[in-house]
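Asker: Taken from Swiss-Prot, the feature coiled coil applies to 12-106, supported by sequence analysis. For 247-258, 354-365, the entry in Swiss-Prot reads compositional bias 'Basic and acidic residues'. The compositional bias 'Polar residues' annotation in Swiss-Prot covers 341-353. According to Swiss-Prot, the feature SUMO2 cross-link maps to K125, K178, an assignment based on similarity to another entry. Taken from Swiss-Prot, the feature SUMO1 cross-link covers K178. Residues or ranges marked as N-acetylmethionine in Swiss-Prot: M1. According to Swiss-Prot, the feature phosphoserine maps to S135, S321, S349, S370, S375, S384, S385, S498, S515, S520. Taken from Swiss-Prot, the feature phosphothreonine applies to T270. The region 'Disordered' annotation in Swiss-Prot covers 247-266, 294-390, 451-533.
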Amino acid sequence: MEEAELVKGRLQAITDKRKIQEEISQKRLKIEEEKLKHQHLKKKALREKWLLDGIGSGKEHEEMRKQNQQDQHQTQVLEQSILRLEKEIQDLEKAELQISANEEAILKKLKSIEKTTEDIIRSVKVEKEENPEESIEDIYANIPDLPSSYIPSRLRKERNEGPDDEQNRKALYAMEIKVEKDLKTGESVVLSSIPLPSDDFKSTGIKVYEDRQKSVYAVSSNQNTTYNGTDGLAPVEVEDLLRQASERNSKSPTEYHEPVYANPFCRPVTPQRERVISPGPNFQERIMMKTNGLGNHANESAHNMTDGLSERRSNGPTHTSPTRPTPQPRSMVQQVEEMVHTQQKRMASPWEESSNRQNEHEVSPRMELSPSRASPGKSGPQCSSPTCQEETEDVRYNIVHSLPSDVDDTEPVTMIFMGYQQADDNEEEKKLLTGYDGVIHAELVVIDDEAEDNEGQTERPSYHPVAPYNQVYQPPKPTPLPRKRAEVRPYENTNHKSPHKNSISLKEQEERLGSPARHSPLDVPVAGDGTEDPSLTALRIRMAKLGKKVI
């Protein structure tokens, strides 16, 4: 009771102290307001007094004098109110100090009487020891809404505990692991792991490990538990065995293969019969234009494709030419073709043809040389069979096989110039590329540049460095007509003396470019005045304007 009274007195002291503090704060705010009013009235009285000195006697003077007296009286009242409030604040502060002193005294008494946490725990233990007959059931019996079937967890645990508790615990999960131990190295390898129902598991064998979470029993293969060489397992060994068993169970039966890269030139795999195209000059005569850069590129592609197709068409064994190692893309797969001695037509799928074309285009011209054209310095098997001789036929017929099989030979072909490629002009290359002249003939050559479309609309005379040909008049660029051109016979001179473009002699052009002319049996016949084809001359002039060098 004394402790409760002390606590009550302390709470009352705290409440009174709080009220006094609030009252003190209110009085201080009121004092501030009174001081502001007092200052204002004092200034007003001084101003009115100064005005009275300058005004003579009269009614107005009397009114101002009365107002000044009222202001002075109000100022005195405010001064007295301020002094009174300050005195009250001092009294309240003294009362607050007194209450604080009483609160401290009550707190000291309360600390001397109040029990600590340790004392409370100690007293509870003493009470429990004094009343041992009181059980948990008596405590829960006082709860009104508790069902009669409820049994506290502590009481259930006490009832379930017994002398053989460690042996009577039921296994939640069991697994049979067959382990093979190497007696030389001491390593254990898990051969198989079979999960077992926990109900069917019986603690048979010798216990070799137990950590209150899992138990390991060693059983021999013949179910004999008394055998020699059984020792306890270390925790590391048990964890290793469990890890191997779990890895063995979690292995996926999925078989993985090497990465497969898609072929960007793949077509539907519907088999089609290969069209047999007899090599001849019919189609080439229609698409030949003499330009070293474009002819070189087109002839290289045609030569590469012809070698691959001639190997497929040949009846003899396949010959591999000596090549220099060059980096190939990862997606390119080396293909080994096996030729079969047969006279029947071979069926080929379109995707195989496109894949072969891709490989043939990406290989450099030096790698596509046949053994019969290889230089003497390079080592490799020499080929003198008729099959190899067929491969070394005139390259002007090979471009036919590089085109798709669905292209009609009678329709014109549009060839777009994509640019030049730097190439070393050495004599060894010329010898290896015997039979290549870099010439393509065409019925109609249209050279167009979007940047100079406006310039081609106006007619202007062009200047030629050679005096006899400097008065050639250049009309507007001809527009190709959508009509079929007449067939041109082989080696027919297609040069017609017409003032379409400037003409320049071959000798002078070669002197300007600084490279000797390549004479070939397929050169375009030169006109009687020593000039070459106007279309070729226009192409050379156009390339010179663009800053490109015609090789």
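Heads up, the Cβ atoms here are built off N, Cα and C, so glycines get one too.
Can you tell me where each of these features sits in the structure?
Answerer: Secondary structure from DSSP puts K125 (SUMO2 cross-link) in a helix. Counting every protein chain shown, the Cβ of K125 (SUMO2 cross-link) has 10 other Cβ atoms within 10 Å.
For the recorded site, K178 (SUMO2 cross-link), the DSSP three-state label reads strand.
The Cβ of K178 (SUMO2 cross-link) lies under 8 Å from the Cβ of V190, L191, S192, S193, each of which sits 6+ residues away along the same chain.
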Asker: Averaged across the coiled coil (12-106), what pLDDT does the model get? Just tell me the whole number, please.
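Answerer: So the average pLDDT across the coiled coil (12-106) works out to 87.
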